[in-house]
Amino acid sequence: MPLVRLATWNVNSAKIRLPRLLPWLDQRAPDVVCLQETKASDAEWSETYDAELRERGYEVAHYGQGRWNGVALLSRVGLDDVERGLPGEPRFPADDSAPEARALSATCGGLRVTSVYVPNGRTPDDPHYAYKLRWLDALHAMVSDGPTSSSVVAGDMNIAPTDADVWDPSLFVDSTHVTPAERKALESLTGLGLHDVVRDRWPGERVFSYWDYRAGRFHQDQGMRIDLVLVGDDAVGRVRAAWIDRQARKGSGPSDHAPVMVDLDEAPDGDIGPVVPPPTTPAKLPHLG
DNA sequence: ATGTCCCTTATAAAGGGA
């Protein structure tokens with residue numbers, strides 16, 4: 001397998017974001033893309049977006065009901081054994097209500113990739129917060145039951161792993177995204193051997209992936225790092241670069257999230273495919289771009 | 001710090017969600 005570029009991006013509506021998504025695919029040329037908050041139904045997706053993506057060489061899977069949520073996977077290195085949702089996932093408001101489209105898995109280039117849109121939680125005393133924790137339990141169960149070492153979990157975790165991932169922790173005391181229970185749930189996931197490769201690569205840097213649209217947050221770099229690429233043991237040694245594509249948050253009509261990018265070197269064994277030149281090292285840190 | 005953007009509808013103004 002040649003070098004593989006993984007990306008995850010909460011696009012905040014596929015319909016609105018298409019004019020940003022397509023050029024971004026052309027420019028960044030990711031091989032595997034996890035999308036969240038497509039806010040599209042499967043019917044709308046197949047009628048409106050599928051062809052444009054397939055023209056670009058991607059196999060495509062989408063899971064969405066429209067209006068809210070919605071996740072997708074694009075891959076140019078295979079897209080097999082697609083699985084919608086999580087086994088035993090909780091539902092909201094009741095366990096007999098329809099599941100929300102928040103997880104989509106497929107095998108791409110030998111990796112078991114899951115695109116996730118973790119519930120927001122709203123506030124710690126809200127029923128949505130308990131639902132978030134139960135949903136994270138189901139995610140943990142799926143990863144631990146599966147081929148953990150070849151797993152990649154990527155998406156909008158709606159959790160800032162540490163206070164370093166929040167622009168001003170004093171403003172988020174007792175807020176969702178930073179509570180010990182959420183962080184513990186995330187740690188139990190990384191405890192399975194899933195590595196937060198952007199933080200590993202930039203241990204002391206101010207790196208955010210989300211900036212509220214309001215109050216000029218992006219302009220002041222007042223954001224949070226809640227979009228993660230978690231890489232299992234098989235691929236973590238192949239990580240050649242990991243960064244946040246801050247450029248995609250700029251300009252007109254951006255999502256409030258930036259894509260997270262990870263380049264994997266060719267697998268050490270077997271057919272390594274055509275020889276490719278090393279990726280260009282950015283002159284500046286990409287996330288400061 | 002409640003200032004934006006995106007969805008939807010008993011739609012052209014307003015409510016819900018992030």
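Just so you know, glycine gets a Cβ as well, placed from its N, Cα and C.
Predicted, not measured: the structure shown is a model, and the values here were computed from it.
If you look up TrEMBL, you'll see A:Tyr117 marked as active site. The Cβ neighbour count for A:Tyr117 (active site), using a 10 Å radius and every protein chain shown, is 26.
Around A:Asp156 (active site, proton donor/acceptor), the same-chain residues six or more apart in sequence whose CB sits under 8 Å from its CB are A:Thr8, A:Asn10, A:Gln36, A:Glu37, A:Val116, A:Tyr117, A:Val118, A:Tyr210, A:Ile226, A:Asp227, A:His257, listed in sequence order. Residues annotated as active site, proton donor/acceptor in TrEMBL: A:Asp156.
Using a 10 Å radius centred on the Cβ of A:His257 (active site, proton acceptor) and all shown protein chains, the other Cβ atoms total 25. In the three-state DSSP assignment, the secondary structure recorded for A:His257 (active site, proton acceptor) is strand. Annotated active site, proton acceptor per TrEMBL: A:His257, in sequence order.
Annotation source TrEMBL lists Mg(2+) binding site at A:Asn10, A:Glu37, A:Asp156, A:Asn158, A:Asp256, A:His257.
Per TrEMBL, region 'Disordered' is recorded for A:248-289.
Cβ neighbours of A:Asn158 (Mg(2+) binding site) (same chain, under 8 Å, six or more residues apart in sequence): A:Val118, A:Pro119, A:Asn120, A:Gly121, A:Lys132, A:Thr176, A:His177, A:Ile226. Annotation comment: TrEMBL describes A:Asn158 as site 'Transition state stabilizer'.
Under the heading site 'Interaction with DNA substrate', TrEMBL lists A:His257.
In sequence order, A:Asn10, A:Asn12, A:Tyr210, A:Trp211, A:Asp212, A:Tyr213, A:Arg249 are the residues of the chain that are 6 or more apart from A:Asp256 (Mg(2+) binding site) and have a CB within less than 8 Å of its CB. DSSP assigns A:Asp156 (active site, proton donor/acceptor) to a strand segment in the three-state reduction. DSSP assigns A:Glu37 (Mg(2+) binding site) to coil, not to a helix or a strand.
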